[in-house]
Amino acid sequence: MEGPRLTALMLLLLLTLAADRASAKGEKSLEYKIRDDPDLSQFYSWLEHNEVANSTLQLRQVTVFAPTNLAFQNYKARDGDENIILYHMTNLAHSLDQLGHKVLSELDGNPPLWITRRRDTIFVNNARVLTERSNYEAVNRHGKKQVLHVVDSVLEPVWSTSGQLYNPDAFQFLNQSENLDLGLHRVRSFRQRVFQNQKQNDFKLEGKHTFFIPVDEGFKPLPRPEKIDQKVIDGHIIPNHVLFTSATPLDEEYETLAFTDMLRVVISFTMESDGKAHKPYVKSNTVIGDANHATGAVLAEIVKANIPVKNGVVHLIQRPLMVVDNTVKQFLEGFEKEDGPLYKFYQVILDAGGDFINQITEMKDLTLFAPSNAAWSETTANNLLTDRKKFREILNLHIVAEKLSIESIVEQNVKQVPTMADRKNLYFNVVHGPAGNKTVTVEGGGVNATIVQPNIAATNGMVHIINKILGVPYTTVKEKLRTDPMLNKTYHLGEMSDFNKMLDEKHTKFTYFVPRDLAWKKMEVRDPSAHRKLFMKEFTYQVKQILERHLVISDRVYTMGALKKLASNTSSVLPTMRDHLRLRVRETEKSYYVEWQGEWTHIFRPDVECTNGIIHVMDYVFMKEGDIVVGGPDGAGQQVASFAVVASAHLVVLATVRWLLH
C-alpha cells in the first residue's frame, strides 16, 4: 500500500505545483480571461465564431493582441473579414519584453506585425499596447504557454480582393494594387513613373522601410508627372525605419533614399487640426536642392495610412513629395476641402479679402505667414470680418515681399522685416530648446505666433504656417510683457514693485513706453551702480516711480502716428502716472524716434497692440540722474535726508551773506 500512496502523494504534489504555477501566471485560461473581460466582448465574439482561432487557443502556443470594445467602435468592418482575428495572433508566446521588431501573424501568408517602442510605450502596427492590461500569461490544457496583450485599435492587414495575394511587399502592393482593397484610391500614375525610371528594386528592398505612394488624384496638372524622376522616387522612401503615424514622433525628420552628398531630402510627420478633428500629413523637406529639385518643403495629406506590407509600411498620400510646381496662390487654392490645413484662411480671404489673392499672384517673390485652421477659432478673429478695411490691413501684415526661409532667419540673424502693411514690421525670435532644437516665433501687431509648419515651397515664394493671427490682440499689457522674450527686465522690475498689477485692468486704456532688455543693458553700461540698485528690493519705491514715468493712462491710446500729429511742430505732453511726459517725435522712412530730456531714442517696435492698450518698445530708459539715491528702503528716508542737506546748505549760505553785509 505504501507504493500506491506514495505515487498518489507525488501526483497531488505535482498537481499543486502546476496549479501554483498557473496561479502565478494567471488563474484563468486565456480563453476564459478574454470571455470574462466585458471590455473584450466584441473580440471574444470574433474568437468564438472562428474555428482556426479556437483550435489555436486549445492546442498551441500563442500571443493574442486583443482590441478593446472602443477600438471596434472606431473600426469600419468589411465583408469577408471574419479571418482578421488571425492577424491578432502569433504562434509563439511573447511577453512584452520579448517582442522583437516584428512578429509573424497567423493570417494566411503570415503577414508581419510591426513592433515599435517609443520610450515606455509599445505599438503593434499603429495600435498602442495598454501595458497595464497586458502580459497576462496562462497555459492551456496541453501545457502550452499563452500570453494576452490588450491594444487600443483593431489591427488591419492588406486586404486582397482577388484572394490570391498574400503578404505582399511594397513592390507587389504597387504592381498589383488593382487586386487590393484601397477604396477609391488608385496608384497607376506613380507606378508608371517607377517603371519608366526603372526604380522597381527600391520597393523590393528587404528589411523594414516606409513607403509613401501618391494617388492618381495628385498628378494634376499635367506637367507634374514629368517631374517624377529617379531622385523624386527615392525621396518617397525612408530606409531602415517602419513608421506608423501614431507610433512616430511629430516633426522628427528621417533621411530618405534621396539623402546624398549632392541632394538631401528628409521626411517628417505632422498633424493639422481645425480645433475639432486631427488630420495626418507628411512633409518632405529638400534641405539641399539642385537645378531640378527646389529647396523647401512640400506638404501632402495622408489619405490612407498605416498599410503593413512584408518589408515595412505603406502610406497613400494626396500628392507627390519634393515636387514644387505651385505658386503661393495655387497652394492656397489646393485647400478647398474643409479638412485642409489652410482651409479657413483661404475661405476668409475669399469672403473678405478683396483683391488679396490678385496681389499675391502678381508678386514675384514673397513669404506668406498663413494662420492655421485652429487660429481662426478665436472669437476676436471672427469679429474682424465685419471691418473689411481693417481685415485687409491684417492680411497685408502676413506678407513679406521677399523669399524668407527659416534657415535664412536663423543663420543670418534676421530680427525684423517690413511687411506689405503700411509701416508695420515683423519681428523674429529664435528659441533654443533643451534638445538643441530651434523654434522660430514671429511677432506682428502685438501678437507673438509660433511657426508650426515652416518652409513650404512655392514657385514664387515660401509659406510658413503659424498658430495665431497677427495683428489681432488677445493679451493684456501685463500678459504681453510676461510672454515677450525681449521685455523680461521691464516685466521683472514691475513684478518686484507691484507695478504690473494694474496692467491687467480690462477697462483702462494704457500707452506704455517699454524699454526692451537691450535698453537696460545700455543703461547698465552708463551707470552700473544705479542699474545694480534697480534690481535690489530696497529700491522698489524708486523703480515704481521710474516705471510710472513710462506709463500713460487716458481715455484713448496713443499710436506713434497719433503722437507725430500731436507733436508736429512742438513737443507733446502726455499725462503719465508720474507728472507729465514731454516728448518730440521724428519719423523716418522706416522708423520712429522720440526725444526726451534732450536725448533721441529709437522706437524699436511701435504700436504693439494689446486688449487694453498699446506698447511702444524702445531702446532707452526714461531715467534721470537723481532717480536712484542711497537711503531707506521705502525711499522716504533718502528724500528727507536730501532735503535736510540742501536746507542746511542754504542756511549756511544765508548766514555767511548776512555776516559779510554787516
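Every residue, even glycine, has its Cβ placed from backbone N, Cα and C.
Keep in mind that what you see is a predicted model, and the values were worked out from it rather than measured.
Swiss-Prot lists 27-155 with the feature domain 'FAS1 1'. Annotation source Swiss-Prot lists domain 'FAS1 2' at 167-321, citing sequence analysis. Feature annotation from Swiss-Prot assigns domain 'FAS1 3' to 329-470; the stated evidence is sequence analysis. Residues annotated as domain 'FAS1 4' in Swiss-Prot: 474-622. Residues or ranges marked as N-linked glycosylation site in Swiss-Prot: Asn54, Asn175, Asn437, Asn448, Asn488, Asn569. Residues or ranges marked as GPI-anchor amidated glycine in Swiss-Prot (evidence: sequence analysis): Gly631. The signal peptide annotation in Swiss-Prot covers 1-24.
Recorded features from Swiss-Prot, shown on the structure.
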| residue | record | contacts (Cβ under 8 Å, 6+ apart) |
| --- | --- | --- |
| Asn54 | N-linked glycosylation site | Leu47, Glu48 |
| Asn175 | N-linked glycosylation site | Arg191, Gln200 |
| Asn437 | N-linked glycosylation site | none |
| Asn448 | N-linked glycosylation site | Thr441, Val442, Lys468, Thr483, Asp484 |
| Asn488 | N-linked glycosylation site | Asp517 |
Helix, strand or coil at Asn54 (N-linked glycosylation site) [DSSP, three-state]: helix
Mapped DSSP class for Asn437 (N-linked glycosylation site), helix or strand or coil: coil
In three-state DSSP terms, the structure that Asn488 (N-linked glycosylation site) belongs to: helix
DSSP three-state assignment (helix, strand or coil) for Asn448 (N-linked glycosylation site): strand
For the domain 'FAS1 4' (474-622), residues assigned helix / strand / coil by DSSP: 57 helix, 47 strand, 45 coil
Secondary structure composition of the domain 'FAS1 1' (27-155) [DSSP: H/G/I, E/B, coil]: 45 helix, 37 strand, 47 coil
